[in-house]
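Here the structure comes first, spelled out in structure tokens, and everything after it is commentary.
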């Protein structure tokens, strides 16, 4: 029991971060072995030295990306290339200067039990590095030891994913006590881990520690043991770590490779216009070449008396001469292709994006941040959105959790432990059950207690205060609720969790294992040992994840409270437990160790082990936490409805909770008829596919078949339809069986959805969110889609939609980091779409049409002039004028127009959303 796996420590909620395949990940497979401190192994086993990347960072590209037309004239083309090269060259020089500053910075490396100063680029894989408080990690490190006795350190990753909250990282207990240079230098160990890959929240490895006269000890390594380059050490005087990924193989550098490029509809239409104009250019050249030889067929036209042909011209091959004339006309008319338009459009998009960032109405004082533009190429897409896909928690709601009430053995408890609601008479649960429930709340979590010293005005220390630090605000709210009822979590020390009970006594529980929360299991568990040696499993999670694992008699007592709380719009969690014998725990611990030590398929193996452990539990009760609706969320949704957009809410929350939120934010009106496609509607059926088919046909007939073809629906009709579907039913539709009838589910479902004014999808997995967005995006007409969310589980749909919007919320910044635009609050979406999006779409439309129109008008006189000069390729315009026309004379006015024009005042656009149509 003394030695634990890495999974046996309290860990941050890494599993909830959704793994999204990133650029280059599929190319990096296999493992690498690292010698810690470059110390040779005491055993004679073979070690093959490996070659690793240096720690030098190179972000400069030295690439010129030129937007050129296949047919252009020399000087304008040269000008465009030169301007682009200067711009990219300057940006490249700035990157090179920043790289040099990082590469030449000083770091401390432990060599021969001494601190040695080195340049950052001199760090090699296997070096032991010392990092002090408020310093950034110079490469990706495996955490070995810190000045904290419990082997933890605190880190902020704001420069990586924008998360400003402090994360807790842990070391394996075998190296936690190596606090000095001399002690850490005596460590002999190897680290075997996966090859570099870009996912910030995924890491699989193991460390093998060698001691004289003892068998090697292997320990599992996970994301909680990895300190990423670019992160900053906080509230920890000093840590030691061994370099595993360096230079361009660090996760930060791999993430610079970016994601797939999105292209706007306007950009695609420009390419179509260019093809048309290229055809016009070729057509003009062919017409003029043909007419030239028709003209020259007339006697004396071919050889006038003042321009006699030479003998060489007379002997020239006629087909070659015709081809040469054709190319001459192509060069003469090539100005019809607007070469400078590419530069102008890019300039308009780039400069225009600053107006979004500068908008003071989209600035949030609470987080001291405004809107952020990650992709300026999609400005005009904001003015063409037809479908909006929104997350619920943290997007429509504040994600500020407040503990409301709880239920213990079917008895409801309100503001205090003595207030009961009398659902089962005027009584309450037994005292030991109340205390068991509150202990479960105080033990089943990954919250850390952070101490902070308080100073008086004279600068002397007056005491210390503590606060809870957690990856999820739900967990803090539950601890605050337990504290209100008399049980207080005091923190964790040396792998023991301290809880103060109602009698002000300190109870100590040894933390044996943490079974982390993830979006698939929808629950988390802890295994703890009490002071009397009893071992308990405490589990909390969604009702759908807990109810099937407890006796039905327990469920009936609590279900009424869960459903009532959900209908009130509260977030509900169920709490269960079971007592485990020492023999059973020995088997469990062995299986967990085997799963956590696996380098291949570790996540799948651990999921199977967790599933087997979390069975045959007993339900204690449930909790209700309120997540308040964001300010002006209802007004924003109402405005988008009026603007002709259809809103879909995609959430992993419970159906009743999500439905109450949808009514509160006016997604569903009181007169909206709801069509349900949920597992609850189909439960009890032998073949759910048959019942699903009946419902789909019935709804399709009501919304599609029976509606007259000339009937026009509007948002103000007295009778509207809304669809409610859950993840289980959606899986039957999107992944049908081999039945031929099932293959049509998707098309029928899509037709029903497109006829509804609003759609609510609950109990959704992240992948299903992306599937829904892809289904609508690829439907007939290819409507422009927009996805908005605030958490890691929203990243997949944000990347899938035409436009991705990230909310700078409290679930981290993964959504904002992967989005095209990031905004502080959901209400800012109204101005982003109705004002900025509408104006940018109108402006760039005028810009593109202007360029094609003026080039056509400019070159058409040149074409007509050929009829008066005998098709001799004589230019009408002066060469300098030809060169400067596109570059200077006609570019600046349209750029100013495309940046500043407001055909309708912004206040009017905001007041009348129908103008967006």
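Using N, Cα and C of the backbone, Cβ positions are placed for all residues, glycine too.
Just so you know, TrEMBL annotations never went through curation; they're auto-generated.
If you look up TrEMBL, you'll see 102-169 marked as domain 'P-type ATPase A'. Residues or ranges marked as transmembrane segment by TrEMBL: 272-295, 326-345. The active site, 4-aspartylphosphate intermediate feature in TrEMBL is assigned to 391. What TrEMBL records for 391, 392, 393, 475, 517, 540, 571, 651, 652, 653, 763, 769, 793, 794 is ATP binding site. Taken from TrEMBL, the feature Mg(2+) binding site covers 391, 393, 790, 794. Marked as domain 'P-type ATPase C-terminal' by TrEMBL: 816-916.
Residues 69-71, 301, 322, 325-326, 329-330, 333-334, 336-337, 848, 852, 855-856, 863, 866-867, 870-872 of the same chain lie 6+ residues outside the transmembrane segment (272-295) yet bring a C-beta within less than 8 angstroms of a C-beta in it.
Using a 10 Å radius centred on the Cβ of residue 652 (ATP binding site) and all shown protein chains, the other Cβ atoms total 23.
Taking a C-beta cut-off of under 8 angstroms and a sequence separation of 6 or more, residue 571 (ATP binding site) has the following same-chain neighbours: 393, 401, 474, 624, 625, 626, 627, 653, 654, 657. Using DSSP to sort the residues of the domain 'P-type ATPase A' (102-169) gives these counts of helix, strand and coil: 9 helix, 38 strand, 21 coil. Same-chain residues at least 6 positions away in sequence with a Cβ under 8 Å from that of residue 391 (active site, 4-aspartylphosphate intermediate) are, in sequence order, 649, 650, 651, 788, 789, 790, 791, 793, 794. In this entry, 391, 392, 393, 475, 517, 540, 571, 651, 652, 653, 763, 769, 793, 794 make up the residues listed for ATP, with the farthest two CA atoms of the set 25 Å from each other. Under 8 Å, Cβ to Cβ, and six or more positions away along its own chain, residue 763 (ATP binding site) finds 544, 652, 653, 654, 655, 726, 727, 728. If you draw a 10 Å sphere around the CB of residue 393 (ATP binding site), it holds 27 other CB atoms from the protein chains shown.
In the structure shown, across all protein chains, 794 is the one of the binding-site residues 790, 794 with the greatest number of other Cβ atoms within 10 Å.
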